[in-house]
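Summarising the annotation, TrEMBL assigns domain 'Major facilitator superfamily (MFS) profile' to 88-505. Annotation source TrEMBL lists transmembrane segment at 88-109, 121-141, 153-171, 211-233, 239-260, 368-386, 398-429, 479-500.
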Amino acid sequence: MSNWGKTSNISYQQWRDPEISVVTFRGTAGDSLRHDEEDQCGDYEVYTTGMHTVDLGERRTGQDPTEDTFTVEDAVEAIGFGKFQWKLSILTGLSWMADAMEMMILSIISPQLHCEWMLPSWKVAMLTSVVFIGMMFSSTLWGNISDKYGRKVGLTMCMMWVLYYGFLSAFSPTYGWVMVLRGLVGFGIGGAPQSVTLYSEFLPRKSRATCIMLIEIFWAFGAVFEVLLAIWLMPTMGWRWLLGLSTAPLVVFVTFCFWLPESPRFDVLSGNRENAMKTLRLIAADNGKTMPLGKLIANKQLGPLCDLCLYGFCCRFANAFSYYGLVLLTTELFQAGDACGVITQGAKTEPKCNLECKYLTLDDYKDLLWTTLAEFPGLFVTLFVIDRIGRKKSMAMCFLMFSVCILPLYACVGRVALTVFIFIARAFITGGFQVAYVYTPEVYPTATRALGIGTCSGMARGGALLTPFVSQVLLKKSVYLTLSVYCIFCLLATGASMLLPIETTGLGLQESSRITAGQEEMKTGQMSNGAQ
């Protein structure tokens, strides 16, 4: 055995065996894995922090012992957060802002079209559901496109799609055309979460949660901006102008999307290492930092994807079901004046009652604005706790507090109290929604990260698809039953969050199951440990 002096550490996060988490190479002569020529064919050992010691035997021939290696994760950590990430935050944030505006507009135009076209309540609910149907069926498709052709390609295509059909929907002559065009808008919005995929892959570990949470501020800005647009346009110019001008953030995004770089993580896994190195050098120059020396390689890390079904079906479903349900429920309760008003209206239901309508007033828009502003404190509270108590507990806390804030609505609270409780409930469910977007890219490897985010988003849209029939249809029958549905779903999601198999706080992004020649030793070490 060679007598090696200098030590370099390579961290390997194993999901199934927590005892083996760090692999340490002990070597002599030079930095990292470099050593003297006379030792090139000698033996060496791999020491792990677990219970096993593995002898890898002779070094493989053909491997250059004089060259250091590094991964994209190492490069991103060395480059850090700087000017490049700020610019990327703004551009990807615009896509998030557009997503929020297209969602918020549903709660504004539904009462308007209900009155203008004398629609029954089930047709009003379908206006919202058709958007989520499109999102549910397209989320996985956009994820596949982003994993196969690149994050930049997938995100740019879906945003152009939303811009085109979102603008066309402003010219819809009939209810049928609104349904078709808004459904196509939903199909495009299904790809909006890929902005998180792209953004997260450029972020260093320490600032990832904070940065993803802060980019969600664009969602809050989008929701608030949509309400302000409605206050300005709806009383005088109507819903068509609102639909048309709501595409403004998309126009800006499409104009500057040529600047978007492709993810170097994706390029490495696709075999385009030269493109990855070029991107990393540009980022380093933009941030005024230096690149690590050596050869760029991909490392091997796997995650228990099947175990995350609990997360997708319970947490994400309940999150979207409750968030969008509260958004739609807000306008319904404000139109009635309070919860008792809904009960009273339900008691007087007649066969033609569902054709009766009530336009949103200026006071309704103002209260809607106040509850929408709850997005901001929700983000900041979650930002404070997410790295302190972890992702799982943060999600559980948000679900639980949402249920607690819904309970007072069972009493006949007045309009002021109604606004306050809805404000707090929306703050927490918004925070939970954003924690989910921090957690999701951390548990999926780069090779399937876009698909994982898209699939989870599709599951969430399933909850959003069903919620209009609760918040707009079931509410007319029983406000108590409606509130109970949301409380029960969130309580179940609280338990599901705590049962998630992985806590990702402090972990680096996973890469792929593909291993380069430079990582062969790590593969051999893992197999040997598994045999023992």
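Including glycine, each Cβ sits where the backbone N, Cα and C put it.
Beyond the ends of the transmembrane segment (153-171), by six or more residues, the same chain brings 92, 95, 98, 102, 138, 142-143, 145-146, 177-178, 181-182, 184-185, 187-192, 194-195, 198, 240-241, 243-244, 246-247, 250-251, 253-254, 257, 260, 450 to within a C-beta distance below 8 angstroms of the stretch. Comparison of 88-109, 211-233, 368-386, 398-429 by number of C-beta pairs under 8 angstroms to the transmembrane segment (121-141) places 88-109 first.
If you look at the transmembrane segment (88-109), the same-chain residues 6 or more away from its ends with a CB under 8 A from one of its CBs are 127-128, 131, 155, 159, 162, 166, 185, 189, 192, 195-196, 198-199, 202, 211, 214-223, 225-227, 230, 234, 239, 242-243, 246-247, 249-250, 252-253, 256-257, 259-260, 324, 327-328, 330-331, 360, 368, 372.
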